[in-house]
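First comes the structure, then the notes that go with it.
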């Protein structure tokens, strides 16, 4: 049993139960610290870069002893599926739109802005790491940043950066549980899950938060990280594919039975299709185990929907009432 995971989830739950404003202050503080730590590493690491480490920039393709591809475009494609997990989370901003000020403008800015910043920082860290030492030196290394800083003579900086990184790991948990509790609350409010999950306590979705906490404790305590990482990556990609396809159903309804949004996806209908194909390509790069996990989770969700959600959905009830009136 992973006691650390249980304690971390409980601490975050206690924080979230105190309200979004206090949670936001803590989250913002931790995010600022994380960004500072990343910038410190980049500026210090740049001084130890050797240009020879960038050659060849894309190593020659070959198969690892375990059969996985390395180098070449095949290796890059395999790596995309591995690191995708690090880029998820920007979409959780949308789940908190009900508590945002002027969400029609701030939500698109927050989603796009956070993604751009994350890409710039992640790519910068990767370039500095590979420039400091040969990429093969980081093989099977669980702490490449600390290793690179210590080896280049910056032990104190390594300790500071790694300490901030450990504390900063709470930002991901806070963001996911904050968004997750709002999603569970929305499902309960819309009748897709039991109605009591859609009730507020002191204007907070604490019932949904408690249920999410119990699920998180069970998953975090008894399932290995690799299993959860694969499940999250595959599940998120499936969600992205459905979101991309959903644009085709929603765009014709804008200004009719749904309000006209202030931000509209550009390059319609090309961009939704590209988004779907991109998510599908990454999904196909996952191993068979991840796809199997995702399929099982998807089937489980569909069973809940057809056994309960479709009959209790407020949309279904409203349509039935309208049909009777007619």
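Our numbering is plain: 1 for the first residue shown, then up by one each step along the chain.
Every residue gets a Cβ built from N, Cα and C, even glycine.
Counting only same-chain residues 6+ beyond the ends of the transmembrane segment (29-49), those with a CB under 8 A from a CB of the stretch are 121, 124-125, 128-129, 131-132, 145, 148-149, 152, 154, 157, 160-161, 164-165, 167-168, 170-171, 174. Per TrEMBL, transmembrane segment is recorded for 29-49 (among others).
The transmembrane segment feature in TrEMBL is assigned to 111-135 (among others).
Annotation comment: TrEMBL describes 155-185 (among others) as transmembrane segment. Within the chain carrying the transmembrane segment (155-185), a Cβ under 8 angstroms from the stretch's Cβ atoms is held by residues 8-9, 11-13, 15-16, 20, 23, 26-27, 30-31, 33-34, 36-37, 40-41, 44, 89, 92-93, 95-96, 98-99, 143, 145-146, 149, 193, 197-198, 200, 205, 207-209, 211-213, 216, all 6 or more beyond its ends.
Residues annotated as transmembrane segment in TrEMBL: 206-225 (among others).
Per TrEMBL, the feature transmembrane segment maps to 231-250 (among others).
Summarising the annotation, TrEMBL assigns transmembrane segment to 266-286 (among others).
Here TrEMBL flags 292-310 (among others) as transmembrane segment. Beyond the transmembrane segment (292-310), the same-chain residues lying 6 or more positions past its ends with a Cβ under 8 Å from any Cβ of the stretch are 187, 191-194, 227, 230-231, 234-235, 237-238, 316.
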